[in-house]
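These notes concern the structure reproduced below.
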Amino acid sequence: MAGLLSTFDTFSSRRSESINKSGGGAIIPGQRSTVSVFTLGPSVTDDADKLLIATTFLAHSLDTDKQHSQRGGFLVSLLAMAYSSPELYLTTNGVNADVKYVIYNIERDPKRTKTDGFIVKTRDMEYERTTEWLFGPMINKNPLFQGQRENADLEALLQTYGYPACLGAIIVQVWIVLVKAITSSAGLRKGFFNRLEAFRQDGTVKSALVFTGDTVEGIGAVMRSQQSLVSLMVETLVTMNTSRSDLTTLEKNIQIVGNYIRDAGLASFMNTIKYGVETKMAALTLSNLRPDLNKLRSLVDIYLSKGARAPFICILRDPVHGDFAPGNYPALWSYAMGVAVVQNKAMQQYVTGRTYLDMEMFLLGQAVAKDADSKISSALEEELGVTDTAKERLRHHLTNLSGGDGAYHKPTGGGAIEVAIDHTDITFGVEDTADRDNKNWTNDSNERWMNHSTNNHTITIHGAEELEEETNDEDIIDIENKIARRLADRKQRLNQANNKRDISSDADYENDDDATAAAEIGGI
């Protein structure tokens, strides 16, 4: 029997592995679009010219009259300006199944006054019309930078801080947009300026070069429509992390932004592991958490199989990224969120009011997290040499810090769920045996669950020996008591409400005709 159950336990991970395994068929290339990328030729040496070209690329990327593929090409051109060899940068990181990059050089030609003295060319020919299209008159619908509203002199800024710092300020902001552009477009503008603040304080981004909100929204729209651009940026981060140690200041700043981009869209998955599993509390032995634990284990295997690109599966729109949504392991996620809102006050602002929230598991997570005994890790007691006296005093301090009011945190955010929590239903204090007898509670935990469970499944305790942290049977029974009492009270209130409705239904029916008549003559 044990072998049979172990087969079911590993089914989720083995199923995911078989689905993602290559079938060995022929690889048929898909259709690829051509995207133009512009790089600086050796004749462009003046810093003012370079900054002018950078702002020109940025302006074209925001031009809504252009195709999104063209706008994405201008952002690629801007990002490539950070490297001495843009061609090598694109060859290393720009290999993509969706696009083929065609590179054009921008050279200095003083005779061409209509196009600011520039010409677009390749090794074999010059492109007059492309040059006029790129450097001809262009109406900026909105300012690119907040400094333009204040008539800030970018040339003076260039003289003060130098070209690398000014270019770096622009490119870093493009990277910051990626943090929220794919996974949280609704909060893009707010998230951008929150992340930007650290770079403003350390002087990386000067105030005159801060993007306007419209610029941020425009870049975000291009990123959402051009997956090839996002793939290029992700490959840039992967290359930085795996093969280079001599990074420039700009590249180091990009890596800092990359820390925000990693695991974007995977917050629920990571928080479930952090608060639900790594805390190793006794509630993990509940049988209705077992399927979700197996699912989470298979997701961990999938995540690790992705290698260096695993943190980016959401922004890369990897086909498996939907499996990591918390709706696929709702009970374990709900329990983890209950633990989180108690252990981390910042998590109380996290949106937990979702349609798949399991309210009982959410409350259970809070209950075990507030319990003083469950906060003490027995796995470290022997290693640290904690005495019984010290452990008892620690338990006393934890009990005092918890407040002892037994209040629950309500789910936050999300209009799809409305939950009313009665704070007096369950208390975290220890009740007297006499009180339990008055409520007709039997000591047989199995009978309690059979009599008072309102769920479709019966919650049982099993596999406690699999936990690394030792658990006390009395703690488990106490948790059962608390949940069972709440379920029984809820069922009793529901029955009383149904009885009242049955009694009043006949009277309501008899008054229907009178109410209708009154409405017709304007009485109601």
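The backbone N, Cα and C atoms fix where each Cβ goes, glycine too.
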Matching residue for the RNA site, where Swiss-Prot names LYS190, ARG195, TYR260, TYR350, ARG354 - out of LYS180, LYS252: LYS180
Binding-site residues compared (LYS180, LYS190, ARG195, ARG354) - the one with the fewest other Cβ atoms within 10 Å: LYS190
For TYR350 (RNA binding site), the three-state class that DSSP assigns: coil
Nonlocal residues around TYR260 (RNA binding site), in sequence order (Cβ under 8 Å, 6 or more apart): ILE176, VAL179, ARG195
Within the predicted model, mean pLDDT of the region 'Interaction with the phosphoprotein' (462-471): 38
Whole-number Å value of the largest CA-CA distance among LYS180, LYS190, ARG195, TYR260, TYR350, ARG354, listed as RNA-binding: 27
